Amino acid sequence: MEDTVIVGRHAVREAIITGHPINKILIQEGIKKQQINEILKNAKDQKIIVQTVPKSKLDFLANAPHQGVAALIAPYEYADFDQFLKQQKEKEGLSTVLILDGLEDPHNLGSILRTADATGVDGVIIPKRRSVTLTQTVAKASTGAIEHVPVIRVTNLAKTIDELKDNGFWVAGTEANNATDYRNLEADMSLAIVIGSEGQGMSRLVSDKCDFYIKIPMVGHVNSLNASVAASLMMYEVFRKRHDVGEI
């Protein structure tokens with residue numbers, strides 16, 4: 001199976017720390033070693049090959065800002081949905097999952113994973129069709145969070161929502177109209193929050209499966225927010241409702 005290339009110091013460091021299989025780390029010629037001391041130490045401890053290469057090679061492999069560091073890793077694996085449900089049943093406390101319906105921008109997915117990790121979201125669900133996948137761009141945008149937040153890829157979102165409901169989740173869809181202000185969201189139950197695509201919103205089949213709908217009030221001239229911004233507001237609202245000020 002072909003290696004995946006990840007770039008950037010945060011992404012590479014998290015891949016090493018979490019034990020993601022790494023075949024080789026590439027370091028740009030002339031980079032100051034003190035800037036990457038932690039990466040070099042961890043790589044040595046785990047006996048990972050480190051190779052110094054010209055900047056032009058990193059530029060070619062990365063096709064994006066790389067901070068002088070890249071790694072050739074095994075492709076990212078998706079979490080198993082049935083195993084995920086089992087883990088949620090066994091955990092203490094309430095669960096939160098994000099469902100991304102038609103999100104195609106890898107930067108948005110990376111940003112969402114970063115916030116999901118920060119707020120303790122248990123997993124992110126994406127469909128196999130009409131959706132971004134786990135790529136180098138997602139990994140870099142997530143600044144390493146891709147190593148910590150399970151991403152589940154499913155064939156049928158509507159069926160997946162039914163299974164979540166059967167396992168105690170309430171499903172909240174994000175809508176612009178005929179919806180409750182997200183600040184009034186009740187978070188005292190396990191939640192699955194659906195974020196639709198920026199252009200189309202939720203698909204009809206997915207929307208019909210939601211238990212209730214929430215919206216983000218807006219008073220400006222634009223009529224929608226970036227999907228990652230909307231998702232972040234939702235995740236932090238759930239976090240705020242479940243954790244008292246000063247608790248964390």
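Every residue, even glycine, has its Cβ placed from backbone N, Cα and C.
Residues or ranges marked as S-adenosyl-L-methionine binding site by Swiss-Prot on the basis of similarity to another entry: Gly196, Ile216, Leu225. On its own chain, Ile216 (S-adenosyl-L-methionine binding site) has Thr174, Tyr182, Leu225, Ala230, Leu233 as residues at least 6 apart in sequence with a Cβ closer than 8 Å to its own Cβ.
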Query = If you measure every Cα to Cα distance among Gly196, Ile216, Leu225, the residues said to bind S-adenosyl-L-methionine, what is the biggest one in Å?
reply = 13
Additional residues surrounding S-adenosyl-L-methionine, by Cβ distance to the Gly196, Ile216, Leu225 centre under 8 Å = Thr174, Ala176, Ile195, Lys215, Ser224, Ala227, Val229, Ala230, Leu233
Query = What residues, ordered by sequence, lie under 8 A Cβ-to-Cβ from Gly196 (S-adenosyl-L-methionine binding site) and sit at least six positions away in the same chain?
reply = Asp101, Gly102, Gly173, Thr174, Met202, Ser203, Val206, Ala227
